[in-house]
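Features reported for this protein in TrEMBL:
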- 14-29: compositional bias 'Polar residues' (COMPBIAS)
- 101-532: domain 'Major facilitator superfamily (MFS) profile' (DOMAIN)
- 1-40: region 'Disordered' (REGION)
- 96-118: transmembrane segment (TRANSMEM)
- 138-159: transmembrane segment (TRANSMEM)
- 166-186: transmembrane segment (TRANSMEM)
- 192-213: transmembrane segment (TRANSMEM)
- 225-247: transmembrane segment (TRANSMEM)
- 259-285: transmembrane segment (TRANSMEM)
- 324-350: transmembrane segment (TRANSMEM)
- 370-393: transmembrane segment (TRANSMEM)
- 414-434: transmembrane segment (TRANSMEM)
- 446-467: transmembrane segment (TRANSMEM)
- 479-501: transmembrane segment (TRANSMEM)
- 507-528: transmembrane segment (TRANSMEM)
């Protein structure tokens, strides 16, 4: 008896009628413990063995021949979702589970980004204990950021090999260990080294968080889901100095900045271990395929990711090279420059606030760091835009579908930045620069921090979502390059910040940064107007216009 080629007319004729699939009558169990329909798999004449017939009858299984690229081995049963409503698909998790998982990922983002700036709150005390200048002590923050950027290169392949949760848990454990080591550091060399390693292992959770959001939410839902994550991504650096504000003067030791981060990270780690589900679709389908192989004893059940095996080194090789291949893409290049400029301003504020407030208004160290809260208020002021942008996006998607399309135009993601976000940055910097006088109320430069926070969250949302929608399958590599450059450059600038403010003064330092931000402000409008033409000429970006 010959077995017909999969997909042939002979095989189609041998398939059992689909209207009997739901029948519960005369149900029996196969030797492998799987419920079978005797009229479907046993009584109907077929050219398949029982195992093969089962593979063709199960929902979510696609039988096909291996391609040349996939090697030898005949045909395979490719395991997919059991339709659009498959409960295993993270998009079909309950609203409560999806929101809860997003908030837990946001908590991870908060703890690792708050750690990036909290040491700036105790700079004088740590420098005095180690007997070094404040410029040298600033390396503890700078090296953390550099480690953060380098660690981003490894996050993607690790999460694609081991899944999101193992990366979150493993990296948070190592992050916590090196934060503890930083708190116990006996000298400046040890502190700088341990802070670098803490940043390196703190990067994967933040880098993979965008992937988790994409796992859980469809493109329209991401319009309101991604901001949930972004609030903590930018709330962390602005609130880090606030958390550590009085630890240099009120706590028994400046080292309590590290102990507080350790306590928060331990709490978040516990929640992740106990409550967070795995969301990486390729891993979930791999688990499903493994389950079917165990039940049936048939090795042909394979998830798409298992058909061609890739080692971790092969994934790392792509991860380490592809981001640089995208570096010359106009979208990636300009968005990288824009976000890097924002991070330079944000992290030089860690040093600059002493010159802006303590030197001019004689504010004590603790209060100076508390004033970072003005930026966080600005971050929160960007959130009402989410409802507006979601409403517009939903209407445009309905129009696109009415004309036969299906995908959101990437340029729609730029609305956040265009709704005053790109203007808020230079407005804030010029305002702060030229009202920073003892003769003018301190409330003026404090209020100037609010539009900076508003601008930075709006630009971050637009840049990340625009890159994701423009590059789709290459988005992870593009975002890796953006993360690497902005954190490494910002890390270097934290050390330069002190002499910069000291030699030029606050007025001209902020004015120069404001002028640079003016040059960057048209970027969202440029891409909104010319985005399709730019993507059409791109090697990696999608050229969809709907």
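Placed from the backbone N, Cα and C atoms, the Cβ positions cover glycine too.
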Can you tell me which parts of the same chain pack against the transmembrane segment (370-393), counting only residues 6+ beyond its ends and a CB-CB cutoff under 8 A?
220, 223-224, 227, 231, 234-235, 238-242, 245, 349, 353, 357, 363, 408, 412, 415-416, 419, 421, 424, 446-447, 449-458, 461
Mean pLDDT for the domain 'Major facilitator superfamily (MFS) profile' (101-532), rounded to an integer?
91
Can the transmembrane segment (138-159) be said to touch the transmembrane segment (414-434) if we require at least 3 CB pairs below 8 Å and skip pairs under 6 apart in sequence?
no
Taking residues 6+ outside the transmembrane segment (192-213), which of them lie with a CB under 8 Å of any CB in it?
101-102, 105-106, 108-109, 112-113, 115-116, 119, 139-141, 143-152, 154-156, 158-159, 164, 167-168, 171-172, 174-175, 178-179, 181-182, 185, 222, 225-226, 229, 233, 279-280, 464, 468, 476, 479-480, 483, 487
Across 96-118, 446-467, 507-528, the most C-beta pairs under 8 Å with the transmembrane segment (166-186) come from 96-118
Between the transmembrane segment (96-118) and the transmembrane segment (446-467), do 3 or more CB pairs sit under 8 angstroms, pairs being 6 or more residues apart?
no
Taking the transmembrane segment (479-501) as the reference, which of 96-118, 225-247, 324-350, 414-434, 507-528 gives the largest number of Cβ pairs under 8 angstroms?
324-350
What residues in the same chain, six or more past the boundaries of the transmembrane segment (225-247), come closer than 8 Å to it by Cβ-Cβ distance?
98-99, 102-103, 105-107, 109-122, 206, 209-210, 213, 216-217, 254, 256-257, 260, 346-347, 350, 353, 365-370, 372-373, 375-376, 379-380, 382-383, 386, 453, 456-457, 460-461, 464-465
Intrachain residues whose Cβ lies under 8 Å of the transmembrane segment (324-350), provided they are six or more past its termini:
116-117, 120, 141, 145, 237-238, 241, 372, 425, 429, 452, 455-456, 459-460, 463, 466-467, 470-471, 474, 477-478, 481-482, 485-487, 489-491, 493-494, 496-497, 500-501, 513, 516-517, 520, 523, 526-527, 531, 534-535, 538-541
